Structure formats: structure tokens, C-alpha cells
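**Q** Structure below; questions to follow.
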Amino acid sequence: MTSEAAFPANFLWGAATSAYQIEGQPLADGAGPSIWHRFAHTPGRVANGDTGDLACDHYRRFEEDVALMADLGLGAYRFSVAWGRVLPEGRGSVNAKGLDFYRRLVDALLERGIAPMITLYHWDLPAALHDRGGWLNPDSPAWFADYAQVLFRALDDRVPLWVTINEPWVVTVPGYLDGELAPGHRDPFEAPRVAHHLLLAHAEAVAAYRSLGGRHRIGLAVNLEPQHPASPTPENQAAARRRDAFINRWFLDPLYLGRYPAELATIFGAAWPEFADADLARIRSTSDSVLGGSLGTGCATDFIGVNYYSRGLVRADPNTQPLGAIRISPENAPRTTMGWEVYPPGLTETLLWIKEHYGNPPTYITENGAAFDDPPPADGLVPDPERVDYLRAHLRAAHAALEQGADLRGYFVWSLFDNFEWAQGYSQRFGLIRVDPPNQARILKASARFYQNVIRANGV
Ligand code: GBH
């Protein structure tokens with residue numbers, strides 16, 4: 001089968017999910033509650049009062065779900081581990097039943113020839129750790145590394161790809177600055193410290209992986225979105241540059257360049273602390289091998305995971321503090337039900353920007369996808385032509401970056417299932433497969449068939 005955009009022979013085709021969004025049964029078998037369990041059970045925090053109590057019931061249906069993945073032809077499956085299933089208190093003794101769930105999931109995937117990519121932290125911090133200060137506690141990087149070691153020891157012989165933290169920016173900004181996601185804090189003095197501890201947590205987990213003799217690859221997943229001025233006024237251009245530092249460079253500059261973007265100190269003013277040089281050296285050391293091993297530390301971040309959804313069209317706005325900038329929704333542009341513009345060229349731009357700015361590290365698109373108002377199934381299939389168009393256009397955009405030399409190794413659709421979309425609950429559908437909690441029937445969408453063909457053809 002010929003195709004317009006052929007991908008490299010060993011390109012990895014996957015789909016992604018996260019624990020709290022699909023598993024359900026968050027307290028089963030001795031698991032400790034997470035900040036998301038608490039947040040979702042706090043009235044007014046999540047649309048329609050939705051919670052992850054049942055979600056896609058994946059905790060009980062994982063075997064059926066792995067069979068669906070195999071039918072789609074997935075080469076890889078990205079999922080996250082719920083920290084509190086493995087360590088109910090966040091630290092201390094391991095809950096064997098919780099760990100065993102992930103062991104059985106990994107084995108089921110391997111039996112079907114599907115490579116597991118495990119994300120260690122996708123936002124569901126154990127509540128017990130939050131009660132000790134959570135990511136504000138300077139001990140939090142060590143807590144995370146200890147938890148990571150439990151997983152490395154149990155599963156590294158079978159897991160080729162590890163992601164430490166999913167989207168530290170989202171943990172930091174919606175979690176601690178805007179208060180829209182758990183734990184729902186709104187404090188400009190907290191956010192920079194949380195971000196710093198997340199970077200150190202990544203660094204400590206990578207270092208632990210190396211010292212345990214980790215045999216595979218470990219990376220960090222970041223949400224990236226090119227920031228374009230809404231009009232070419234100097235104010236809007238400056239606002240777009242601030243927003244670029246704030247969203248795109250906050251985590252990657254320290255990791256690859258050893259310093260925070262200077263803009264952040266200006267944006268946060270008195271709330272921006274002085275960070276120790278030793279911390280920044282520690283964070284940077286984890287990008288060592290990518291930079292050619294010149295630092296000689298031997299604890300390298302092997303790849304960057306890019307979560308791409310849209311771009312930011314930016315207008316200066318002095319009323320929006322501390323950034324002084326807002327994202328506007330362009331009129332007449334196609335948008336998803338999240339309100340995000342459909343902007344495929346931004347994916348090419350993002351991948352080439354990583355190549356230019358950070359030395360072309362190995363990269364995976366760890367999330368890309370879209371929410372739409374899908375119609376009900378017709379003849380057993382959900383017709384979702386907008387999602388098919390979205391995926392096709394973004395795959396071509398990814399291919400364009402490959403042709404221009406980006407070191408792109410794989411692509412994961414967000415998401416395998418319609419699932420618990422955080423503060424929006426079940427009102428937003430991102431899946432290749434329809435699920436309507438509480439009804440647990442899995443119904444394929446046309447986009448699932450489309451993706452199956454992409455995988456079969458190794459191109460689009
Ligand atoms: C991902 O995050 C998550 O990893 C995943 O769990 C989630 O289900 C999925 O996306 C869909 O939401 O202009 O200030 O509004 C989303 C990352 C970061 C994308 C913020 C949109 C908008 C920034 N998001 N971004 S703003």
C-alpha cells in the first residue's frame with residue numbers, strides 16, 4: 001500500500017491514557033486516595049459532579065481493553081501508574097495488589113506484542129503526600145524517586161519506555177496558580193517552587209534509573225504550543241514571547257540549557273525565588289547524553305515527549321496577572337469542543353523548534369488528539385469525520401518535521417477511550433473508542449478504523 005507520507009520502518013504507533021482518567025475503582029485493593037479523588041469529590045470542582053470512581057472501569061476490564069488495542073494494531077500503549085495504588089501513603093510500604101495490577105497489564109500488553117510506555121506521574125499525587133506539603137515540600141523529589149524505583153525494580157525488565165512526569169506545566173499552573181485543576185491552589189508564590197521540585201523530581205528519578213542499571217529509555221513529557229501574536233503590535237509580540245517562555249521554555253530550558261528563561265523572573269516578580277546553582281546543575285545533568293556526554297555525569301534524559309494540541313494566539317492583557325497576556329480564540333478558525341483551534345502546522349513548528357533549540361533530542365509525540373461532539377453510533381461505528389481530519393492533518397505535520405530532520409520516533413493518539421477529562425468530567429470526548437460511563441460498552445469510532453489503516457500502511 002502506498003501513501004503520501006511514509007514513516008520510518010521502526011516508527012512507533014501508539015495510543016495514550018492516564019490512570020485516574022480511565023481506571024475507576026481508585027480505592028480498590030488497598031489503594032490510597034489521590035488529590036484528584038479528593039478534588040473530584042469536592043462539590044463545584046468538576047463539571048456535572050463527575051468523578052473517576054468508575055471512569056472506563058479499566059481496572060477491571062484491562063484484558064478486554066488490551067484485546068481492543070491489539071485489534072487496532074497498536075505497537076505501543078502509553079498509560080500511567082497511580083502512585084497511591086502502589087504506595088497508599090505515597091511512601092513506605094508497597095501495596096502488592098496495586099503493583100500487581102500494573103504487572104498483569106504489562107504482561108497482557110507484551111503477550112500481544114504491544115510495547116508499554118509507562119508514565120510515573122500523571123497528576124494523581126497521593127493525598128497523604130499532599131498533606132505533607134505535596135510538591136511544595138523540598139523532600140518531594142526524593143519521595144518521587146523512591147516511588148519510581150519501586151516501578152523500575154518491578155518492571156524495567158519488560159518496559160522499554162518510561163516517562164517520569166506528564167506535563168509539569170499543567171501540574172504547576174492550573175494546579176497551583178490558576179486553581180482549575182487539583183489541588184486547586186491559586187498562589188503565585190507557590191507555582192515557581194512547585195515547578196522547581198518537579199524538575200528535581202524528574203532529575204532524581206532519572207539518576208535512580210541509571211544507578212539501578214536501567215536497561216531502557218526514560219524521558220519527560222511536556223505540553224508545547226507555539227505562541228503567535230494575535231496581531232503584529234509590539235505589545236502583542238512581547239506578550240507572545242512571554243507566553244512562550246512561560247509555557248514552552250519553563251521546563252525545557254533548565255533541562256537542556258541549565259537555566260530558567262529570564263522572562264520568568266520578570267513575570268513573577270517578588271514571587272520568583274532564587275534557585276540554587278547546584279539544583280540547576282543537577283537538573284541539567286539529566287540531559288547529558290543528548291548533549292554528547294560532555295558533562296560526564298552519566299544520568300541522561302533519553303527523550304522528550306511532546307503533547308501537542310493547538311497553538312496560542314496571544315493578546316497583551318494587563319488585567320491577566322502575572323503574565324499580562326491571554327490566549328484568544330480566533331474567529332472563523334476550526335475549533336474543538338475544548339475551544340482549542342485546530343492548527344496542524346503548529347506541530348511541525350514545535351518539533352523543529354525542539355530540534356533547533358535543544359540539540360535535536362529523540363522525541364515522541366506522547367499525546368495528540370481532539371475532542372468533538374461525536375454523534376451516536378450508526379451501524380456499530382461512531383462517525384467522527386472531524387477527528388479523522390484532525391489526526392490525518394497532524395500526522396502529515398509530524399511527517400513534515402521528520403523530513404526536515406526532527407528526530408521523531410513515535411506518535412501516540414490522545415486518547416484510546418473517551419474518559420474523565422479532568423475539570424470537564426465526561427463532557428469532552430477525546431477517544432478513538434467511545435465509552436459512556438456508567439454504560440461500559442466500547443464502541444469503535446471511524447477514527448479508530450482510520451488509525452488502524454495508518455498503522456497498517458505505516459503512513460497516511
Ligand atoms: C493533556 O493536557 C493531558 O495530559 C491529558 O490528561 C488530557 O486529558 C488532555 O491533554 C486533554 O486535555 O491557553 O492557557 O488555556 C492538556 C494540556 C495545556 C493543553 C494547556 C491546552 C492550553 C493553555 N493543555 N493548553 S491555555
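The backbone N, Cα and C atoms fix where each Cβ goes, glycine too.
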**Q** TrEMBL has Gln21, His122, Tyr309, Trp414, Glu421, Trp422 binding substrate. Which one of Asn166, Asn453, Asn458 is in the same site?
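**A** Among Asn166, Asn453, Asn458, only Asn166 appears alongside Gln21, His122, Tyr309, Trp414, Glu421, Trp422 as substrate-binding in TrEMBL.
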**Q** What subset of the binding-site residues Gln21, Tyr309, Trp414, Trp422 lies within 10 angstroms of Glu367 (active site, nucleophile), using C-alpha positions?
**A** Tyr309, Trp414
**Q** Could you find out if DSSP has Asn166 (substrate binding site) as helix, strand or coil?
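**A** SS state of Asn166 (substrate binding site) = strand.
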**Q** In whole Å, how far does the CA atom of Glu421 (substrate binding site) lie from that of Glu167 (active site, proton donor)?
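**A** The separation of the Cα atoms works out to 15 Å.
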**Q** Long-range same-chain neighbours of Tyr309 (substrate binding site), Cβ under 8 Å, sequence gap at least 6?
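**A** Once residues fewer than 6 apart are set aside, Tyr309 (substrate binding site) is near Asn223, Glu225, Met338, Trp340, Glu367, Asn368, Gly369, Ala370.
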**Q** Mind giving me a neighbour count for Trp414 (substrate binding site)? Other Cβ atoms within 10 Å of its Cβ, every protein chain shown.
**A** 23
